[in-house]
Structures are given as C-alpha cells and as structure tokens.
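Notes to accompany the following structure.
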Amino acid sequence: MCGENSSSLAPGFFVLNGIPGLEAAHTWIALPFCFMYITAVLGNGGLIYLISHEEALHRPMYYFLALLSFTDVTLCTTTVPNMLCIFWFNLKEIHFNACLAQMFFVHMLTGMESGVLMLMALDRYVAICHPLRYSTILTNPVITKAGLATFLRGVLLILPFTFLTKRLPYCRSNFIPHTYCDHMSVAKVSYGNFKVNAIYGLLAALLIGGFDMFCISVSYTMILRAVVSLSSADARHKAFSTCTSHICAIVITYVPALFTIFTHRFGGQSIPHHVHILIANLYLMLPPTLNPIVYGVKTKQIQEGVIKLFFKEKDVLVMK
C-alpha cells in the first residue's frame, strides 16, 4: 500500500513484468516474437520500397497499402525491442514519461491502422461500384488529405489517454503485469479511481474502431450488391479477388483487437492473465507480420512487381 501523501509523488519508473506465470519461458517465448518482428520489418519495408519504385503500383490502392505497412512496422517497433529486452536481458524498468509515450504511440498507431483499413475499404468500394470515376475521385491530394485526417484523428482522440493516466496517484515504483505500457494496464496499477480512464478508453475504441468497422461494413455491403448484380461469373470472381487480401487484413487486425479491448473491461477475471497478455502481444504483431505475406500471395501486381524488381537488380549486377 502507498502512504497517504504518495499521491503527490510522481512515479520515477514502472516495472514491466513481462508475461506473469510464464517467466521461466520468457527466453523461448521471445524467439517467435523476434522472428515475427524481423519478418514484419523486412516484409513491410520491402512493400514500401516496391510501391515507391514500381510505377505500375502508383495507384491509390497501393498508396494506402504503403501507409498501412508504414503504420504496422512503426507500431511493432514501439513495443517489440523493449519486449525482447525484458525477455532476454531482464531489463524491466521503464521511465514514467517513456511509458506514457509508448502508451500514446501504441494506441495512436493502432487507431491509425484501423483508419487505413477503413480507407482501403472505401477505395475498393469506389473501384468496384464507380470504376469510371475511380481516378477522378481518388486523386493524390484526396489520398494525402485522407491519410492526414486519419493521423490527426488518432492523435486527438488518444492524446487524452496520457493526461488521464498522468493525473492518477501512483507509488514510487509500480509493477505492470504486461510487456508494454497499455492504457488500462497502467491505469489499473494506480491506487486511485480509474473509472474515467475505462470509460474514455471504451469511448475512444468505439469512436475509432466502431466507426471504422461501420464504414467497412457499409462499403462491403455495397460491394456485395454490385458484385452479385454482375452477369458474368468471371467478372464476379475478378471483383471478389480484388477484395480478398483486404478482408484477410481486416480479420487479422480486428479479431485480436476486439478480444483485447473487451476482456480488459468485461472478462478479465474469467480469462487467465497470461493468455490475455499473449493475445495483446499477438494483436500488435500479427498484422505487421502477416499483411505483407497476404498481399504478396494474393495480389498479382505485387508478385509481378517483385519479379520485375528482382530481375532488374540482377541485370544491374551482371552489367557491373
């Protein structure tokens, strides 16, 4: 218990305990996370490079994909290196302000990831339902403004997390049973009333995730209606195939996200804590790791771009 006057003391640092109950396995748990991180950095970095250098991929769909890749690789970089330090080197302490910064970037980037998926759904809606107006609707200025709006929305809605968390009373040293500074995990170690944090966190999740999922649902409802009305089976298959990668990305992102958000508030007692922490980490790691693979496998233009770039580099090496 903290002393009565400790509410006036700002905590110097937090201690991230990793995955409670699985401390003995931390070294081995770190291996797949390290592999996933390397895969995410190489995959997303490769996608960004390919899209920026291949003229055939200079289209709105791929610009949004590059933005998604940048968001994903930045997101996992905010947590995984620190997580590996906890698992392998037992470096568990994190400064209070550094913890708040990590918390802000984790939630802001996850919000931005959700927003980019929503923009990609709108892109598919315009491409399938209004193909003749596609290039006039989704111009480069419109894409830039949409990306900036998504970024600003995340910043403005997540920034209050830091102030709401900083106002809470803490002891000088606080143990967080987590691998990174998640909003509710930090709030729960306070001995003050964090009800406002829980309410605002749920409100922010609804304003970001709820709004984005609504827009995605409406977009795909309209897409489904347009595709079903096509007379040619080949045309229907082609239209659906352009959406499969995006649908996979949506499932990979939202399923663990919804699990994490709602178990924190409604199901925390019935689910083992280590399971919750593992899912929370997979929530941050699965999309950055799998999205480049999904788009690489499902998107013919990206496959062709990789082959073209590979042989181009090979020819350059031969000429040297």
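From the backbone N, Cα and C atoms, a Cβ is placed for every residue, glycine too.
The domain 'G-protein coupled receptors family 1 profile' annotation in TrEMBL covers 43-295.
Within its own chain, the transmembrane segment (28-50) has Cβ neighbours under 8 Å at 19, 22, 57, 65-66, 69-70, 72-73, 76-77, 80-81, 83-84, 87-88, 281, 285-286, 288-289, 291-293, 295-296, 302, 305-306, 309, counting only residues six or more beyond its boundaries. Feature annotation from TrEMBL assigns transmembrane segment to 28-50 (among others).
Taken from TrEMBL, the feature transmembrane segment applies to 62-89 (among others).
Among residues of the same chain six or more beyond the transmembrane segment (101-122), those with a C-beta under 8 A of the stretch's C-beta atoms are 61, 64-65, 67-68, 71-72, 74-75, 78-79, 82, 94, 146-147, 150-151, 153-155, 157-159, 161-162, 165, 180-183, 186, 204, 208-209, 211-212, 215-216, 219-220, 246, 249-250, 253-254, 257, 284, 287. Marked as transmembrane segment by TrEMBL: 101-122 (among others).
Sequence-distant contacts of the transmembrane segment (142-164) (same chain, at least 6 residues past either end, Cβ-Cβ under 8 Å): 60, 63-64, 67, 100, 103-104, 107-109, 111-112, 115-116, 118-119, 183, 187, 196-197, 200-201, 204, 207-208. Positions annotated as transmembrane segment by TrEMBL: 142-164 (among others).
Note on the transmembrane segment (198-227): residues 107, 111, 114-115, 117-118, 121-122, 124-125, 128-129, 153-154, 157-158, 160-161, 164, 183-184, 187, 236, 239-240, 243, 247, 250, 254, 257-258, 261, 265 of its chain, located 6 or more positions outside it, place their CB under 8 angstroms from a CB of the stretch. Feature annotation from TrEMBL assigns transmembrane segment to 198-227 (among others).
The feature transmembrane segment is assigned by TrEMBL to 239-262 (among others).
What TrEMBL records for 274-294 (among others) is transmembrane segment.
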Under 8 Å between C-beta atoms and at least six residues away from its ends: which parts of the chain pack against the transmembrane segment (239-262)? 68, 110, 113-114, 117, 120-121, 124, 127-128, 202, 205, 209, 213, 216, 220, 223, 226-227, 230, 276, 279-280, 282-283, 286-287, 290-291, 294-295, 298-299
When pLDDT is averaged across the domain 'G-protein coupled receptors family 1 profile' (43-295), the result is 89
